[in-house]
Amino acid sequence: MWSGRSSFTSLVVGVFVVYVVHTCWVMYGIVYTRPCSGDANCIQPYLARRPKLQLSVYTTTRSHLGAENNIDLVLNVEDFDVESKFERTVNVSVPKKTRNNGTLYAYIFLHHAGVLPWHDGKQVHLVSPLTTYMVPKPEEINLLTGESDTQQIEAEKKPTSALDEPVSHWRPRLALNVMADNFVFDGSSLPADVHRYMKMIQLGKTVHYLPILFIDQLSNRVKDLMVINRSTTELPLTVSYDKVSLGRLRFWIHMQDAVYSLQQFGFSEKDADEVKGIFVDTNLYFLALTFFVAAFHLLFDFLAFKNDISFWKKKKSMIGMSTKAVLWRCFSTVVIFLFLLDEQTSLLVLVPAGVGAAIELWKVKKALKMTILWRGLMPEFELGTYSESERKTEEYDTQAMKYLSYLLYPLCVGGAVYSLLNIKYKSWYSWLINSFVNGVYAFGFLFMLPQLFVNYKLKSVAHLPWKAFTYKAFNTFIDDVFAFIITMPTSHRLACFRDDVVFLVYLYQRWLYPVDKRRVNEFGESYEEKAARAPHTD
């Protein structure tokens, strides 16, 4: 019979498999569209008639275009070919209303060549804002000299409180697509996602759908945005075009809807931008692989979390465990969380880091045998006593830290002084957190040496939570994949590869010091005792 723990793990794995299969089925339903099988109720593509088309892009400050007044033509592509990819950069005049925190819209028309858009009954058009509102990025300065790379003219005129208010930012890219497949839709089962982009006309006895025009909003990244100052009169706009297949179009529509839903649920523009980066900066096939990798990452995260908590919850002794390594992991995890918070990193990275910091704080409480007593609103901390075996482990631990400090502290202090002299920061707090985190990332693996030293002196690794380590080892290699996909600070990205080395060293020690099955573990049990224990007969 399965134990309760095994049954729970099997249940989690089973739910995970069902989730992956269901997601694959949903994705198949998105990219595959059943064509019309008969002549009745079929909707034919207008592009199959090979019409001569023209692409026109206008700008205006009005969200609803009633007439051809007060609009500016910024791009006109005559003899527009749906199959031909292009990219053009134009200068757009910025009206006074837009410079005063107003909005500027782009109207994209696809119409018959030689006919004005508003005189063409078979034209299709879409509207897209060319501006968005965001709080300007804080200016970075040299903390010693006060110098900055760029001085914001408008910032000098505004009070400090006004710098935290959202201002208009320019979107320098406008990515356009037209569905180029001559696909015949079944009118009785039109996909809802594509239907809202379709415009139908009656030609004789046949219903046709006009060219499906699509604006790729996922290509608008926060890193490309430009602040619009009151002195700005012209700004560059790069208009790009490429054809798109029906399957990719439907997938892209769903992804845009998902990003929009995140913003409706309270995600900031920057958080949503991190999700955009996964789709825009990644090949579609690699993206599919990433989905499966992410699913396994989620599974291993849960299993590692479950086994790690279970291990530390039952642990009563610190024999063979480096207390200094536990303290360091707690300090480094908290510093990394504060650094990611200061860098305004995506919630996709920030939330797991925060949960990890809370768990490490709890581990410190267990490692120090700490008891918290409340005297009114003031807490008092009492530390437990160590046994003779634990004091021996602590002695090895202190010895390792003594040698390590000779190398580590000068490197960290030197790095902090160098960054203060040569790198610009938003504030002294930002410099302090960056100095700490650079020390953690650059030399953090050195703090794993005390645990490795304790393992060496005891000639044993049986006291380590190997099941949790195994799941974490899988995840650290998965993190290597995500390091190239999700936007994050470079130092955090490099730390993912550093963890690979740490786990390889642990695996080497596990091979070097095989577990003695007669040895009593930290729970007072040995493998041979459990094997010889008679089952209950009642």
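Here the Cβ of each residue, glycine as well, is placed from N, Cα and C on the backbone.
Quantities reported herein were computed from a predicted structural model and do not represent experimental measurements.
Summarising the annotation, Swiss-Prot assigns N-linked glycosylation site to N91, N101. Under the heading topological domain 'Cytoplasmic', Swiss-Prot lists 1-10, 306-324, 365-402, 450-538. Among the features that Swiss-Prot reports, topological domain 'Extracellular' is placed at 32-284, 343-346, 424-428, with the record citing sequence analysis. Swiss-Prot lists 11-31, 285-305, 325-342, 347-364, 403-423, 429-449 with the feature transmembrane segment.
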Hey, which of 11-31, 325-342, 347-364, 403-423 has the most Cβ-Cβ pairs under 8 Å against the transmembrane segment (285-305)?
11-31
Within 10 Å of the Cβ of N101 (N-linked glycosylation site), how many other Cβ atoms can be counted across all chains shown?
14
N101 (N-linked glycosylation site) to N91 (N-linked glycosylation site) - Cα separation in whole Å:
19
Residue list, the transmembrane segment (11-31) vs rest of chain: Cβ under 8 Å, 6 or more residues beyond ends.
193, 247-248, 250-251, 254, 288, 291-292, 295, 298-299, 302-303
Tally of DSSP helical, extended and coil residues in the topological domain 'Cytoplasmic' (306-324):
11 helix, 0 strand, 8 coil
By Cβ distance under 8 Å, which residues at least 6 away from the ends of the topological domain 'Cytoplasmic' (365-402) in the same chain are close to it?
312, 315, 317-327, 449-450, 453-454, 457-458
Validating a neighbour-count step here. Other CB atoms within 10 A of the CB of N91 (N-linked glycosylation site): how many?
11
Could you pull the average pLDDT for the topological domain 'Extracellular' (343-346)?
70
Number of helical, extended and coil residues in the topological domain 'Cytoplasmic' (365-402), per DSSP:
18 helix, 12 strand, 8 coil
